[in-house]
Every structure is written in structure tokens, then in C-alpha cells.
Amino acid sequence: MRASGELAELARKVLPRAAYEFYAAGSDEEISVGEAAAAWRGRRLLPRVLRDVSSVETGVDLLGTRLASPVLAGPTAFHRMAHDEGETATAAGVAAAGSLLVLSSRATRHPEDVAAVAGPWWYQVYWLRDAEITRRQVDRAVAAGARALVLTVDAPYVPPRATSGLPLPLPEDDELCRSVGIGTRLPGWEQDPSLGLDAIGRLHRMSGLPVLVKGVLRADDARACVAAGAAGLIVSNHGGRQLDRAVSSADALPAVAAAVGTEVPVLVDGGIRTGTDVLVALALGARAVLLGRPVVWSLALGGAAGVTTLLDSYRAQLATSMALAGCARLADIDGELLYGGP
């Protein structure tokens, strides 16, 4: 598997400058972006020995769906800036790897088109000021076959980000652009800053689907979301793109996982760049991880095949790291693998 820095640099060379900056940028001073991967690398492992690891199984069950590994493709916007086929190529690549795609509500392909080539997929939701727009987006995703919804809750406003300000090379499909709010400055398309815990139940009743809450970094918020009906939590600081200096996902994960125990699955994203990072995340209490920028870089470089290669590489490296740590199954991974504990 290519090192994350090498992958990003190769993608930078093939992407339009504005597109690369959009994907890569963090907010303000980009402190959280810079700390994300280092927080995983700072953890040390205590491998077990004399365990039978002649066969290693990386499969995981998530909300009733069996996946080849606990490495998912997280929600990122505007994939047609990275590849002509956009999210349909991403979805095909994820499906070929036996994984799951979380489709962004800022996708540049319609949910039906993505569903036609995808394996299992979830749909990411921003609750907008105009709730009817949110309802239409959710209804369309449900009709297309989404298996769960991911409500992003850490973005009541969008802060300044470290880009050149160049116009984004977005597709010229007017109908599609309107359907996801691209290019509009209408207030109804802005995220609703008054959103509260009741949105979790409202979204579940609206869709009939399980609702995972993305953007949780605190134990008290985690408990409150589960009490309000969340079917899962995603520990995330939005890739360092919202509140700069927000704690890294790696550092926030242990307290969130401990707060909810086994009530609901806890997932995590942010700075996960190797299969060994995945092992650390699972030892800290995550059920699965999501990749953001690495998926976009791989899409830009190799289309669907590039995405498949990326996910297969993570799975292979996870399996190797599990074997070296004395773990034949995901259930063998726990906090005792971590030097100093979670």
C-alpha cells in the first residue's frame, strides 16, 4: 500500500489545483489536520504470542450487513471533481472490495445511479434550514435503497478553509447541481444551526432507517445521542475541516466507546492511513473505521479500480498486523493490546 503522503502527492499532480485544495484543506491554521494521523501513530502495541494465527478473519457485521473488513468509505463531497464517473466509480470500487460506501448528500451523482453499481450503502445527511429539502433528499435515498442514514452534527456553520479561493471545477449538470445545492446561496440550503437531539428521532421516523450520528467527540454527547435513538456513533472531527484544534478522533475514541459500551456500534474516521491504524482503532473500542481523503486520492488516480486496490490493501495490512499481534479474529482485539491501555 502506498504511503498516505505519496498517495496525496500523486493525486495533487493529476487534480485541478482548486479540487485538490478543496479535498486537502482544513480550517483556520489546520492544526487538527496536522495532528490527525500522528495521533494514531503515537500509539504502541503489546502483541500476544503463541496464538494460532494460521487463518485470520477480518470480516465484520455492521447493522445487519456482513462486510469483508471493518474499513469503509466515508462520506466526501463532489467526486466528479476527482474522476469523470464520480461517485458511481467510487461505489463500484467499494463494492468490488466487499465494503460499504457512505454516500455524501453533496454527491455529484444521483443516489439511484450510485445504487445501480453499489453494494450496501448508507446515506449521509445534513439537516438543512429548509427541512423539506432534507426530506426530499432522504426520501430519494430511501427509495434508492440506502440501508442507514448518517446524520452529520458537527457542522452548524462552515468556517474559513485554507484554499486559494479558486472556483471549484464542478460538473455543469444543472439539475444535479440544484438537487444537492451546488452553487446556491439560498438560506434554505444552509445547515440548520438550531438542530437538537430530537433530530435523531425525527430522521428515523422520516425514513424508517437506522440513524448513526457523525461528529461526536465527547462521552456526554455520545450517551445523549444513544438515549435519543442513535443506532450508531461516528467519532469524527470532520477531517479537521470544522473547529480547528478540536481533539483528534484517536484521542476522543476511548472515552466515547467506554461511554456507550456495546449498546451501539462506534465507528471512527480521521487520519487513518494504514491497516495498523485500523488495528489500533479497534483496540481503542471502534467497531469499524471510515476513510475520507485516501478514497478520493485513489479515485483520482485509478477510478473504481484504484478504490478497490486501496480498500484491499487496508484489509491485507490489517490481517498481517492482526496476525503479528496474535489476533485471529476481530473479537480478539481489545484494549490490552495497547501499551499503556486505551
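Just so it is clear, glycine is given a Cβ too, placed from its N, Cα and C backbone atoms.
In TrEMBL, annotation is done automatically, which means it is predicted and not curated.
Taken verbatim from TrEMBL:
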DOMAIN    1-342  domain 'FMN hydroxy acid dehydrogenase'
BINDING   75-77, Ser104, Gln124, Thr152, Lys214, Ser236, 269-273, 292-293  FMN binding site
BINDING   Tyr126, Arg161, His238, Arg241  glyoxylate binding site
ACT_SITE  His238  active site, proton acceptor
Exercise for the section: Look up His238 (glyoxylate binding site) in the DSSP assignment and reduce it to helix, strand or coil. Expected result: helix
Problem - Euclidean distance between Cα atoms of His238 (glyoxylate binding site) and Lys214 (FMN binding site), Å - result: 9
Exercise for the section: Output, ordered by sequence, the same-chain residues six or more apart from Gln124 (FMN binding site) with a CB under 8 Å from its CB, or 'none'. Expected result: Pro75, Val102, Leu103, Ser104, Ser105, Leu149, Val150, Leu151, Thr152, Lys214
Practice task
Work out the three-state DSSP category of Arg293 (FMN binding site).
Solution key: helix
Handout entry: Chain-internal residues near Gly271 (FMN binding site), provided their CB is under 8 angstroms and they sit 6+ positions away
Key = Glu35, Ala36, Ala37, Ala38, Ala39, Trp40, Ser248, Ser249, Ala250, Asp277
Exercise for the section: Provide the number of Cβ atoms within 10 Å of the Cβ of Ala77 (FMN binding site), excluding the reference atom itself. Expected result: 19
Exercise for the section: Compile a sequence-ordered list of residues in the same chain as Arg161 (glyoxylate binding site), six or more apart from it, whose Cβ lies below 8 A from its Cβ; state 'none' when nothing qualifies. Expected result: Ala25, Gly26, Ser27, Arg241
Practice task
Could you measure between Asp269 (FMN binding site) and Tyr126 (glyoxylate binding site) for me? Cα positions, answer in whole angstrom.
Solution key: 18
Handout entry: Nonlocal neighbours by CB distance (under 8 Å) for Arg293 (FMN binding site), same chain, sequence gap 6 or more
Key = Ala8, Tyr23, Ala24, Thr76, Gly239
Handout entry: Lys214 (FMN binding site): tally of other CB atoms within 10 A of its CB
Key = 24
Practice task
Return the residue, from the listed binding-site residues Tyr126, Asp269, with the maximum count of other C-beta atoms within 10 angstroms of its C-beta.
Solution key: Asp269
Completion exercise
Cβ density check for Arg241 (glyoxylate binding site), other Cβ within 10 Å (all protein chains) comes to 24
Practice task
For Arg273 (FMN binding site) and His238 (glyoxylate binding site), determine the Cα separation and express it in whole Å.
Solution key: 16
